[in-house]
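Taken from TrEMBL as is:
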| type | residues | note |
| --- | --- | --- |
| DOMAIN | 15-227 | domain 'Cytochrome oxidase subunit I profile' |
| TRANSMEM | 27-50 | transmembrane segment |
| TRANSMEM | 89-108 | transmembrane segment |
| TRANSMEM | 128-147 | transmembrane segment |
| TRANSMEM | 167-191 | transmembrane segment |
| TRANSMEM | 203-224 | transmembrane segment |
Amino acid sequence: MSSDSHDHGHHDEGFIRKYIFSVDHKIIGLQYGITSLLFLLFGFSLMAIMRWQLAYPDTPIPILGFLFGESGTLAPEQYNSLGAMHGTIMIFLGVVPLAVGAFGNYIVPLQIGAVDMAFPRLNAASYWSYFVGGVIMISSFFMPEGAARSGWTSYPPLSIFENGQTMWLISMVFLITSSLLGSMNIIVTIVQLRAPGLTWMRLPIFVWSQFVTSFLLVLAFPPLEAA
């Protein structure tokens, strides 16, 4: 009986530790997937508002028009903000985390016969860095001057120094750090934790795609973060 109770206590991690602060690659993959899909939905909503403004420039935006002033339409600076945030959210909060963070974390260890990622805690840190960066990015909408207005490439002269742009930059530091941690983790996992007999030429094409993508992110993102 004592042995059974000991085993039960050992495996009963609790909801928060098991599903929120997990180090399991499947749970982290699901966290990435759910979070990135929510951000993609939000980014799509921004695009829909912009398209409405272009199609019906003098017509108040349905449902959400009250957020943009008495006229219910977008002012030029608001349109720039939505354009900047739409591009940033779709790329850095949606597509990249979904492709690498969600599918990479969940599938790569399964396809190469690994128990987990090479660095499970680093994997969790990567997700939470991404989550914090996303929260900061969305919070910039509530700044007095509004969100960043410089486009998702942050080109001058639109990248003026204001609080919204500063929060955009801080968010990008977290997001790029997250991508770098996740990419390095995937690379090390594929190189070191392949099952015996699974040579490079026998790797599934999906694993190859994740390896090449992660390698390119490691090359491209450090200069972007430094800039």
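Cβ atoms here come from the backbone N, Cα and C positions, even for glycine.
Mean pLDDT across the domain 'Cytochrome oxidase subunit I profile' (15-227) comes to 90 in this model. Counting residues 6+ beyond its ends, the transmembrane segment (27-50) has Cβ neighbours under 8 Å at 18-19, 61, 64, 74, 79, 82-83, 85-86, 89-90, 93-95, 97-98, 101-107, 123-124, 127, 130-131, 134, 138 in the same chain. The transmembrane segment (89-108) shares the most Cβ pairs under 8 Å with 167-191, out of the stretches 128-147, 167-191, 203-224.
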